[in-house]
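Contents: one structure, followed by commentary.
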Amino acid sequence: MVQLDDALQDAYKKVEREESLILGAKAMVASTKNPEVKRRLESNIAVSENNIKYLRERIDALKVESGSERESQSDKDSSKKYSDSAKSTNSDDHLLSYNRSAFDLFNSEKPLSPEKISTMLQHLQMRLSIEQQCVSGIEKIMSLYSKEQKDKTDVIIKLKEGKQKVNLLKRSLKRYNELHIPFDISTPSSEEKQQASGLNFRGLAKPISGTLKVTIHSLRNIEHTSFLQTHSFTMPSYAVLYVDDAQVAKSRISQTDTWDETFIFDVHRAKEFQIIIYEKKKDFDIPIALILIPTTIIAEELRRKRNIQEMSETSWKPSIAESASRSDEKGSKSDPINAPNSSSSISTNSPLAPTAYYKLLSKSWLSLEPVGQICISLSFSKRTTKRQFPETGLGRQGAIRQKKEDVVASQVGHQFVQRQFYQIMRCAVCAELFSYSPGLQCENCSFVCHKKCVTKVLASCIAQSNSEKSDFGGLRYRIPHRFEPFNSLGAQWCAHCGFFLPLRRKDCFKCVECGITCHGQCAHLIPDYCGMSNDLKHQLLTELEVSKRPKKPELPNQENKTTNEKVYRKPLSSQNTFDTLPTISQGLLAATQPVTSVLNTSPLPKTPEKDRSLNVTPSSSTPTPASVLAPPSSASLSSSKDANRSVPESPRREKKNRVTLDDFTFLAVLGKGNFGKVMLAEYKVNKKFYAIKVLKKEAILKNEELESLKTEKHVFEVANKEKHPFLLNLFASFQTSTRVYFVMEYILGGDLMVHIQRQQFSVKRARFYGAEVCLALKYFHENGIAYRDLKLDNILLCPDGHIRIADYGLCKENMLLGNTTSTFCGTPEFMAPEILLEQQYSKDVDWWAFGVLMYQMLLGQSPFKGEDEEEIFDAILSDEPLFPINMPADAVSLLRGLLTRDPNQRLGSGPKDANEVMAHPFFASIVWDDLYNKLYEPSYKPLINDPRDLNNFDEEFTSACPTLTPVNTVLTRQQQECFRGFSSFATE
């Protein structure tokens with residue numbers, strides 16, 4: 001690793017070089033009479049001056065880092081002031097970087113930065129490796145057309161064009177390398193700040209589909225081949241547009257580098273957009289400049305500008321409203337329920353920020369490689385399906401859960417799953433590159449290889465125990481690698497995980513003996529085979545395996561026959577080995593043995609009824625049923641025998657221990673989600689109403705949701721344990737041959753989504769609901785439960801005006817302090833950044849969702865908007881929420897604390913958990929014990945005329961017919977065994 005003093009010395013040398021270039025260019029300007037040469041030299045002088053400015057800024061930063069420079073007292077004060085303000089809240093960094101994006105990497109009018117230089121070096125290095133492989137392939141093709149002159153001429157032209165592109169990319173890399181200082185100013189959050197600023201290529205090649213509109217206006221400072229010639233006129237040029245290396249448009253030929261031409265074309269799963277400038281020649285046209293932009297960055301930039309446009313049209317700002325009156329703050333502290341100015345919504349004097357899609361065309365000067373700029377206008381309309389929510393306000397969104405990936409192969413402990421990679425990867429076995437294509441990755445240690453190379457994998461997985469680790473077939477070759485840190489300035493890939501090694505990384509290592517490179521965290525996973533190629537290793541091991549293979553014993557009376565068999569017997573091939581690898585059903589056998597054993601079991605005979613109740617005896621630990629759910633009388637059973645008859649029960653079984661589908665009459669559909677639906681039902685025994693959640697067994701088994709079902713039932717038991725006032729309680733659960741049922745208390749007021757769509761909540765009302773939700777989350781977290789699906793749809797409003805949290809389908813248990821998980825699940829608008837980044841996360845994701853919930857209740861819209869899930873995810877990872885200028889400061893402070901991307905800095909993330917949120921000034925005067933005991937009088941109570949009145953529920957659901965759809969699938973006995981013990985009853 002380059003030391004600080006070496007980095008400073010290198011920076012000084014680069015400044016001296018740029019100054020020398022300026023002096024030489026000025027001398028040439030004074031001596032030449034060619035106007036084209038003068039223009040080009042003046043442009044070079046401006047570029048060098050800009051480079052010197054950047055290098056001096058880097059030198060100052062390095063000096064501050066080393067402490068070698070003594071600043072003046074005024075500089076210290078200003079620097080300390082900035083540092084203190086930055087430490088006061090980490091959201092300030094996000095606010096300063098709100099107008100920065102990955103598109104700035106290509107904008108020639110944006111200043112240079114270390115992030116831009118390092119990222120462009122990586123981007124160009126990867127592109128250079130592709131072009132070099134293309135040139136190598138063209139050279140091989142040219143040898144095939146040695147006898148066909150016409151085809152050979154075309155190949156020669158392509159070869160020259162490819163070599164010219166390689167030269168252009170090498171010149172660009174040289175230019176950025178001359179500005180790159182190989183020293184990373186190590187701060188604890190340097191990578192996080194870079195990610196927060198948007199100056200990174202997250203999801204570089206994520207494909208997008210839609211309509212792209214490009215207008216090419218003009219060029220400037222382009223370097224024509226006539227630059228060194230005596231004549232003053234420039235050669236004609238034209239632009240060619242490519243999408244994923246396929247030509248989609250071509251401009252006319254221009255002598256003045258001006259076009260003003262517009263091109264509109266559809267793209268399907270496009271990854272990269274290119275513009276190449278060609279100069280017209282007699283023999284063949286020469287590429288003189290190019291620009292390569294990932295299509296995702298174009299779509300993201302237009303979405304970001306749309307949000308900026310919304311800010312300019314409204315009085316919303318991405319910062320705290322410093323002008324908020326202190327009277328509001330004092331009022332909120334005196335009485336949070338009846339505070340002055342809190343009876344009306346915040347948006348009364350401030351219009352809601354528009355959410356309609358805004359098609360924006362903007363002129364931008366983008367940097368060409370290696371020199372020059374191009375002025376273009378871009379517009380992109382994403383191809384989307386039906387909108388997920390209305391143009392304004394809020395709408396319902398279903399939760400999502402990522403299904404477990406299929407294990408397609410197992411080798412020496414690795415559990416390989418198929419992954420689609422959208423960048424250039426390198427196989428850790430054969431060392432060949434593959435891009436934009438699927439490969440295999442170990443879900444435990446991230447080892448990457450081709451599917452064809454899986455049988456050649458020799459390195460054991462780190463998840464494998466020492467007793468199970470392979471001894472590499474007895475190959476006694478143990479020479480460890482000599483890894484040393486190095487600066488990755490070229491195209492380098494990790495020898496284990498196959499990813500491209502980023503530039504300016506402090507944890508990149510290279511073996512000084514054999515030259516392989518890897519990440520620091522991957523070095524200990526590489527086997528000790530320094531100096532030996534993988535092909536040689538595999539060949540040696542194959543020969544050892546053949547030599548150690550036991551010979552088949554020969555029978556005395558079949559000597560000749562056995563001899564002939566040995567002559568024609570073939571060795572075991574790698575293909576046969578791959579074919580015998582376990583399938584997904586075999587790989588998951590241990591986890592779901594009763595389910596997967598269906599293959600060896602004959603199905604049960606099909607019954608003529610739609611649903612038959614199963615006689616499931618509650619376990620010994622199941623409480624006795626409550627009186628409210630007493631079993632129906634014989635008269636009741638006889639009156640309902642014509643509707644849905646139960647399976648005849650053994651006389652020895654007591655009927656009081658059963659509740660069946662025949663005991664309920666379904667009246668209406670109350671809700672529907674991705675995992676089931678909820679219906680209103682009347683219990684025939686006592687004529688009381690209950691909400692019954694219905695789930696299909698087939699879907700549970702197919703989606704591997706059996707553990708989630710058990711967790712949901714256990715969370716109901718936790719909620720019932722103390723009869724928490726703000727959690728939905730369970731009264732019973734039962735099952736039929738095709739479905740499982742949760743019998744829950746019926747909340748007549750509907751959910752908050754219906755009420756907020758009818759009327760915007762006031763600050764008083766939002767604070768009241770938020771405080772009760774906070775107590776519910778506190779109870780969950782104290783019991784080690786992460787809720788993970790907090791949203792308005794899952795908060796029910798009781799007739800007395802208090803709330804209940806429902807739907808425990810995404811809950812995660814054993815989430816006490818320090819425990820984490822990585823399941824990708826939740827509702828898109830409420831998912832925390834760490835979930836989207838597929839990182840390990842804790843129960844702190846609930847506080848991010850709580851921040852989104854409070855934002856929606858206070859302002860009537862979501863803080864992160866988008867046309868589809870991908871745009872919403874991009875907004876969560878890069879955008880800053882907007883606040884009206886009249887919003888109280890304590891409310892903004894609460895939202896900013898909750899909507900902090902760093903989970904370690906998020907409000908509520910510490911060991912105090914909910915107590916930290918409850919202590920915030922926004923809830924300062926709430927007496928939490930009184931709130932828990934429902935001593936506060938709610939400001940709003942839903943209007944309920946009759947228990948059958950469905951006016952407080954969404955008409956989209958209530959208009960549906962309350963029937964159970966037929967299920968034709970018949971589950972086996974082993975599959976039914978998976979649901980043993982599900983039926984239970986609650987206690988009073």
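Any Cβ shown, glycine's included, is placed from N, Cα and C.
As the structure is a computational prediction, the values presented were derived from the model and not from experiment.
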Annotated range (Swiss-Prot: zinc finger) out of 480-530, 786-836: 480-530
Neighbourhood of Gly676 (ATP binding site) by C-beta distance under 8 A, where only residues 6 or more apart in the same chain count: Lys693, Val694, Leu695, Lys696, Ala699, Gly809
Range from 1-68, 664-923, 924-988 with the greatest count of C-beta pairs under 8 A to the domain 'REM-1 2' (107-182): 1-68
Pairwise CA distance, Lys672 (ATP binding site) versus Asp789 (active site, proton acceptor), rounded so that it is a whole Å: 15
Separation of alpha carbons, Val678 (ATP binding site) and Asp789 (active site, proton acceptor) (Å): 17
Which of Leu670, Val678, the listed binding-site residues, has fewest other Cβ atoms within 10 Å: Val678
Cβ packing number for Lys672 (ATP binding site), 10 Å threshold: 17
Secondary structure content, the zinc finger (480-530) (per DSSP, counts of residues): 6 helix, 13 strand, 32 coil
CB contacts for Asp789 (active site, proton acceptor) [other CB atoms within 10 A, all chains]: 24
